[in-house]
Amino acid sequence: MPSARRMILGHVMSGLCTKMNRTKQLPADLMETPLNRCLNTFDITLLGIGHMVGAGIYVLTGTVAREMAGPAIVLSFILAGLVSLLAALCYAEFGTRVPKAGSAYVYTYVSIGEFWAFVIGWNIILEHMLGAASVARAWSGYVDSMLGNIVANITMEITGEMHEQLLAKYPDFLAFFVCLSYAVALAAGVKATAMINSILTTVNVAVMGLVVVLGFWYASPDNWSLPEQGFMPYGFGGVLAGAATCFYAFVGFDSIATSGEEAKNPSVSIPLATILSLCVVTVGYVLVSAALTLMIPYNDINPAAALPDAFGMRGITWAKYAISTGAICGMTTTLLGSLFALPRCLYAMASDGLLFSCFGKVNTKTQVPLLNLALSGICSALLALLFDLEKLVEFMSIGTLLAYTIVSASVIVLRYRPISVEETVHLAPDTPGTDEEDGGPALPGTTTVAPGGGIDSSSQSSTIDPSSPTSEMIEIALAGRLRPQFRWLEPVLGRCEPGVACSGAVLMFCVLSVAVCFQLENSWDELYNGTWWALGLYGFLLFCLVACVVVISAHHQNTRGLQFKVPFVPYIPALSIFCNIELMVHLSFLTWLRFFIWLSIGMLVYFLYGIHNSKEGELGTSYSMLMSTSEAIRGWGSTSTALGGGTKVTVTKIIKGRISRKMAGDRQAIVDDDDDEDS
């Protein structure tokens, strides 16, 4: 009996792991969607800028400059912008791969598996809810400051103060109604939302330009060199802590990827809009923070309304009201961006069966998921009612950084993951000029056959036309295999299936990055003083990190069909992973505690509902449907449009068939080789 119980338990656990690791099968037509594809590149770029330029610049700047970094807030914004750019490049590549709503959730589902996809999707829901609530709270605070704190005083007279440490000082009813009203406005449809966002973003950028010009006109360089304080009064640790907080100001760019299912040409618009918006916002943040800290000493900054008060101290009263107007416009666009992205993430998860099916319905008239929008507005409004801005911002950053980390890891995994033997493509028999039979160049890998019928990658030829279907088949077949110059790793990695070693190295790199970052946080003084054990430990960890990157780069990539590619893979995604983890380490313990509570609720939803209702449960492996349809033919290059009467054969069989014909001198069609093997 004990052995029978062990067998049953083993079977159950094996099935559970299979379900958690199953990947998303993409639809036959990636462009087909019940949502409205009406956004161009300009609309999406302004959507990203509008989502980023809001509370981050008008509220966060004063807090970071006064309490964390001083004038070195400029460096904090630069560091946060660079880390965001690394993640943005990874998002841009995925935006061309998978033009679907859901952003990082869909990307993770396609590349890593269902469980991690749910974790990311659950965190994105939290990110956008907190983002909308925090901006609504900042919006309310700015309006209240313009009215002389009338709203706050009246509210506290009626309700009194909330003395609970985890809650705000008083309930903010203005922020509550702001969230609800903007959710109602978004129900009009995506095109109307984009138009409103474009107008408000233009006003916001113009106000930022005014701040920069006037700020540098009244600048005093002495404010960057105060006695006994200097440019970095809180040291480099303050710069890093400021960068971790300033990261909140850049979280809006992932809403660009969320709009992929409503973009007219997502493979072009998503990468271009992502990079353009992030560069514009980074430059704007650096210039505004520099102007603010040059105008007045950092210890005189008012964290609640830094920019208007700074100009008021300089006697420029009219600029104070102009800046307040720009702040309202900027925070409005950020709030619209969060409330725009949140319903679409719920829709994507519900469409896959991981959340309740009612969230997967789209209104036929407005082409907007109205139930999701109503729920998003109500939940965000309740958070804005009860919590203050500081707690919302801290809690928001951790989920965002985790999402960026997994997206960066997913880029590496997909680049080195081959198409499995079961996955098929539609290809016609040989076309003229692409095979050795027509006098064309020799195929790479046709001179030798590895044991077991595999392909010896060391005998590749560089004479093949890189745009030909044959070259694409060769690249796909070699993906995840060792490069010839790294054959010395074959005794260690030679027995691994293609792609497995790279995926394992990515996982090990993430674990080691966590270890390095925690050690840097807890034992920096020992390392700085040259303590022998600290030097030895860090040396070993860094060696292992470099070894992981070497193992990944030792394998062939598959980049076919990508209109935008992250440069220098795996180095840029690996650097993005390390930087995101480093910023996560600097967040407070209470932030981590709240995060694990939220994650525990998500695990209940997944294991009690999502894992049993997933629509991938009855489907095959990832990409099989995508690569078995006529849509896949158009992805094989310009010559593929002329191919007719395609025959369904596997990539591996095609290449093996060509190798065997080369060695045996056979001149018959590939499909005959395939038929002979099947018979």
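Cβ atoms are placed via backbone N, Cα and C, with glycine included.
TrEMBL does not curate its annotations; it predicts them automatically.
Database features (TrEMBL):
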{"type": "TRANSMEM", "residues": "41-60", "note": "transmembrane segment"}
{"type": "TRANSMEM", "residues": "72-92", "note": "transmembrane segment"}
{"type": "TRANSMEM", "residues": "173-192", "note": "transmembrane segment"}
{"type": "TRANSMEM", "residues": "199-219", "note": "transmembrane segment"}
{"type": "TRANSMEM", "residues": "231-251", "note": "transmembrane segment"}
{"type": "TRANSMEM", "residues": "272-298", "note": "transmembrane segment"}
{"type": "TRANSMEM", "residues": "318-342", "note": "transmembrane segment"}
{"type": "TRANSMEM", "residues": "370-389", "note": "transmembrane segment"}
{"type": "TRANSMEM", "residues": "395-414", "note": "transmembrane segment"}
{"type": "REGION", "residues": "427-468", "note": "region 'Disordered'"}
{"type": "COMPBIAS", "residues": "456-468", "note": "compositional bias 'Low complexity'"}
{"type": "TRANSMEM", "residues": "500-520", "note": "transmembrane segment"}
{"type": "DOMAIN", "residues": "564-614", "note": "domain 'Cationic amino acid transporter C-terminal'"}
{"type": "TRANSMEM", "residues": "566-585", "note": "transmembrane segment"}
{"type": "TRANSMEM", "residues": "591-609", "note": "transmembrane segment"}
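Non-local neighbours of the transmembrane segment (500-520) in the same chain are 405, 409, 412-413, 416-417, 480, 493, 527, 534, 537-538, 541-542, 544-545, 548-549, 551-552, 555, 570, 574, 577-578, 581-582, 584-585; each lies 6+ residues outside the stretch with a CB under 8 Å from one of its CB atoms. The transmembrane segment (231-251) is in contact with the transmembrane segment (566-585), judged by 3+ CB-CB distances under 8 Å for residue pairs 6 or more apart in sequence. With respect to Cβ pairs under 8 Å, the transmembrane segment (72-92) is most closely packed against 272-298, considering the stretches 41-60, 173-192, 272-298, 318-342, 591-609. Remark: the transmembrane segment (370-389) makes no contact with the transmembrane segment (566-585), by the rule of 3 or more CB pairs under 8 A.
Proximity of distant same-chain residues to the transmembrane segment (318-342), defined by a Cβ-Cβ separation under 8 Å and at least 6 residues beyond the stretch ends, is recorded for 47-58, 103, 124-125, 128-129, 131-132, 135-136, 138-139, 142-143, 145-146, 178-179, 182-183, 185-186, 190, 193, 196-197, 200-201, 203-204, 206-208, 210-211, 214, 252, 254-255, 258-259, 305, 307-309, 311-312, 372-373, 376-377, 380. The helix, strand and coil residue counts that DSSP assigns across the domain 'Cationic amino acid transporter C-terminal' (564-614) are 40 helix, 0 strand, 11 coil.
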